[in-house]
Amino acid sequence: MSSKLSNCMFTKFFASLSLAKKIAYLAVFIALSVVVNSFIEISTPSTKITFTYFICFFAGFLLGPLPGFAVGFLGDAIGFLLVPQDVYWLFGLTLGLFGMIAGFVRKLPLRGRTGVFGKACIALLINYLFITCFVNSLVNYSYLYIFLPNIVEGKTFWVYLTGRLVTQTIVYAVNVAAVAVVLSVFVTTKLLGFFKEELAVRAPAVRNDSPEPKIS
């Protein structure tokens, strides 16, 4: 892979790793994605809370756009194979996009602690509006319209979206809170050097205050 493409698709941290470590990181994130997709959830009377967004965000934000997409897509696909349901809803593609967007936003030239958290906020906001509010809702509505039409009978997409966003916003808020806690730990402890580039202290510019020689 060319250096230009590598810089675009991977974080500097991930690109600097050996091939074995790259595979190990991907395997860990994909395994975590499978677990949260298929086996870990918090059920309430009104909704089911999973931490899929949490894993996909960090896969993209820490490793880069391409690993972020791979983790979201493969985690969902493998999870479906392990715990199959009636219909495969192709959420792996939207989860992959979620991780990819987080990875691309990480490329913004913002530095320091404020820069890291600023980029995280931008990524989470874009993904909420584009993935959660629009793409996932459109996929949901389309599948219900095709396979379970009685559920959405007489409802336009916008009516369906209004009802869905109530529960999905709660799910998203829980994931955002988890991201904030873990991201704070990574930034404060500088764990594993994930944000070495943003947190690096730049050397101050050297000033030359010596007087210019006089020409007689």
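Think of each number as a place in line: the chain as shown, counted from 1.
Here the Cβ of each residue, glycine as well, is placed from N, Cα and C on the backbone.
Here is what TrEMBL records for this protein:
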TRANSMEM  23-40  transmembrane segment
TRANSMEM  52-75  transmembrane segment
TRANSMEM  87-105  transmembrane segment
TRANSMEM  117-139  transmembrane segment
TRANSMEM  170-192  transmembrane segment
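Using a Cβ-Cβ cut-off under 8 Å and counting only residues 6 or more beyond its ends in the same chain, the transmembrane segment (170-192) has close neighbours at 13, 42, 47-54, 57-58, 113, 116-117, 120, 124, 128, 132, 199.
Within the same chain, residues 53, 57, 60-61, 89-91, 94, 97-98, 101-102, 105-106, 108, 110, 157, 160-161, 164-165, 168-169, 172, 176, 179-180, 183, 187 sit at least 6 positions outside the transmembrane segment (117-139) and bring their C-beta atoms closer than 8 Å to a C-beta of that stretch.
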